[in-house]
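Read through the structure below, which is laid out as structure tokens, and then see the notes.
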Amino acid sequence: MSERNMEEKVEQATNSKNVSLPMSRVRLIMKSSPDVSCINQDALFLTTKATELFVQHLALSSYKNGSGKETNTLSYSDLANAAEETETFQFLTDILPKKILARDYLKSLEEMEKDDDNL
Amino acid sequence: MDGDSSTTDTTQLGITGEYMTGGTYVLQAQDDDGDESFNDHEDGNGGKDHFREQDIYLPIANVARIMKNAIPQTGKIAKDAKECVQECVSEFISFITSEASERCHQEKRKTINGEDILFAMSTLGFDMYVEPLKLYLQKFREAMKGEKGINPVTVSEGLGEELTDDSFTGQLPAGLITADGQQQNVMVYTTSYQQIPGVQQIQFS
């Protein structure tokens, strides 16, 4: 998402006091971080708004990077790929592990054991 | 024991009376129903004590709506993708918050302010959000200020008479946000009104 796109979005915002995510819930999540005592109103607003931007950014990036087979649908694997390939989203790799089929995993396990035997 | 083959006596069945009455049954957050109801409703959940803190998510409907508006109109979103972004969002918030919190601590401050959040975003690779966010914040502040101006204290009787305590039971300006731990804008009301000689009484009719 380029900076210019971002600025356009800001200009388009008609009711800019409005946030589409509940600030009280955002606050709850922030408070669950260790050692967080007080959060000022500006900080809460900024975090909520940033979260909206983040959702848009993540959704669009993943969609564009789509597998190509089903470009119409944004799938879990599109997200997992975005997490791995985009530096900004790398903090998500722990919670977005790439899913593989069980039989593929077992196959690769077998191959690893074979390699061990050959040593 | 007598020859009666069936019995409903709990002691003979080897089950204690307490067990049979059920006792307390707590729904854990791991239970799917518990999670979904908490995540889908915007109101606070009555059973707050029973969920794990790391399971706090933003409502999936809101998240899904934002995603939908971001991708081209013809696009669709898989259900597990929506749930996944919900989790990513909580991760993102925690990520930013802990970075901002750390900086706060380093500077021996207790309250996380807007600057801390913006700085954290810059540090963590989200500096493309910073400029738009500053603009959003400006508009937000203006909107909040505007609301305070529109709602002055309501006066039931005309000026010139002593204002009673009753006239101050009216609403606080809608722009006030009061929440624990946040800066509160305190308005001080006086109970006496001094008529200034020479100033014409303003008629509110």
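Glycine too: its Cβ is placed from the backbone N, Cα and C atoms.
As recorded in TrEMBL, the features of this protein are as follows:
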- B:29-50: region 'Disordered' (REGION)
- B:38-50: compositional bias 'Basic and acidic residues' (COMPBIAS)
- B:57-121: domain 'Transcription factor CBF/NF-Y/archaeal histone' (DOMAIN)
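Sorting the domain 'Transcription factor CBF/NF-Y/archaeal histone' (B:57-121) by DSSP state (H, G, I as helix; E, B as strand; all else coil) yields 47 helix, 4 strand, 14 coil. Summarised as a single figure, the pLDDT of the domain 'Transcription factor CBF/NF-Y/archaeal histone' (B:57-121) averages 94.
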